[in-house]
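What TrEMBL says about this one:
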COMPBIAS  42-55  compositional bias 'Basic and acidic residues'
COMPBIAS  234-247  compositional bias 'Basic and acidic residues'
REGION    42-73  region 'Disordered'
REGION    230-253  region 'Disordered'
REPEAT    73-106  repeat 'TPR'
REPEAT    360-393  repeat 'TPR'
REPEAT    435-468  repeat 'TPR'
TRANSMEM  20-38  transmembrane segment
Amino acid sequence: MAASKPVEPQSGSGLPRWQLALLVGAPIVLGVGAVYFWNRNKTKEPKGTGERKTPEGSASPVQGQDGSPLDRAQAAKNKGNKYFKAGKYDKAIQCYTEAIALCPKEHKSDLSTFYQNRAAAYEQQLKWTEVVQDCSQAVELNPRYIKALFRRAKALERLDNKRECLEDVTAVCILEAFQNQQSMLLADKVLKQLGKEKAKEKYKNREPMMPSPQFIKSYFSSFTDDIISQPQQKGEKKDEDKDKEGEAAEISESSGYLKAKQYMDEENYDKIISECTKEIESGGRYTAEALLLRATFYLLIGNATAAQPDLDQVINMQEANVKLRANALIKRGSMYMQQQQPLQSTQDFNMAADIDSRNPDVYHHRGQLKILLDQVDEAVGDFDECIRLRPDSALAQAQKCFALYRQAYTGNNPSQVQTAMDGFEDVIRRFPKCAEGYALYAQALTDQQQFGKADQMYDKCIELEPDNATTYVHKGGNLDKAIEMFNKAINLAKSEMEMSHLYSLCDAAYAQTEVARKYGLKPPTL
């Protein structure tokens, strides 16, 4: 959708019960990465050691090679390590194979090490299938063997088995208490790949879906100085006043745009694009308005590719009403935000401010971009200007509260945090139909560990905007519930990038449930 609603990533310090373990390339409109959460109070396994290329154990021969079978196995392993470090991987594999054959089966820990070491040698030879087989033997003997799990994950990635790779690397992240950057980067990479692959296929085959009337009304409410979102334009009323049964009737019959506006008033949104197209193709008097309205509904159904040429044309129509051009710039700038093009987005908002400096919508939407770019002071300034120009702007009031909360929270200022929280209470009291107020307040409440009240705010937001995907992402719950919500949000995604990100979130949550089941770890609650 065109108007962006920023979402603040939750930090580990903001949620003492959880660890934010992974934050990956989020579409800027969502502002939240694919995340793993795990209870910090759990006993942590030893931290990861970074690179895991070398085999385990000494490269020096041990004494007593003529002793017990285990001693002889250890000696063979150590000899193998010496060959490994010399780059003689075939000889190393022979020694590890000998160690495996010599090792008594009851010595599971030692035996798992020998398999893992042989897998390391196979890895150097790029024999990925053999790596997976030996690591699987090692993990079967020692289920929480981090080195073997991570090595198997890397081999599975090479074999293009992303689903099993993700499960292994998720287990590694959890067992290492998310302390090893190497494993988290692999999880990041695989989640992105899975998300892109799934989204590309699903988005290609999806039917364009018109959002609910509630969502459309909420969307248009984010614009207060916008000609096309008004029920009736003043210029149109004058036409009707001239001769309700004469000239205006003819215009109404011939103008696809006026018919589209009538359908808007009737909430018959599915017919708007086709009526706008009639106006545009006929070269009617409302061509600029029709282009902007058609572009807006293209954005609402998730077709940014079709929307951009219409927006470009309106922006370049020097003779068009400045309000139309400014609105087109705002919507194109918001579209660029979704496409992770902040420079182009900033340029569009700045141009809108230059051509229509008293338009409150410009400052409201540019303020959202500034929040997402972590330019909080500038965001507050934009929201202040919006509110000065339009004191009853509910969205700008809510966004300003959020910006002030972020300033106080990141600055560790408890009194200002409380002031911001009080501000949220004032916003939802004064503007009870503003879904954004509840959503942003809920995020702040979650930061403050007031989970019950946050849940109430999310429920109110969903009641007001039942098909806003972002709300479902944040509401969370236990992982099973989160997966259910991610899947719901996927079907509501308005762009392939947003859908890709949601798939990554869903896959991360699913992998954690599988790891919890497989390794007997208690699943986290989001």
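In case you wondered, yes, glycine gets a Cβ from its N, Cα and C as well.
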Segment-level pLDDT (mean, integer) for the repeat 'TPR' (360-393)
92
With DSSP as the yardstick, break the repeat 'TPR' (435-468) down into helix, strand and coil residue counts.
27 helix, 0 strand, 7 coil
Using DSSP, tally how many residues of the repeat 'TPR' (360-393) sit in helix, strand and coil.
27 helix, 0 strand, 7 coil
When DSSP states are grouped into helix, strand and coil, how many residues of the repeat 'TPR' (73-106) land in each?
27 helix, 0 strand, 7 coil
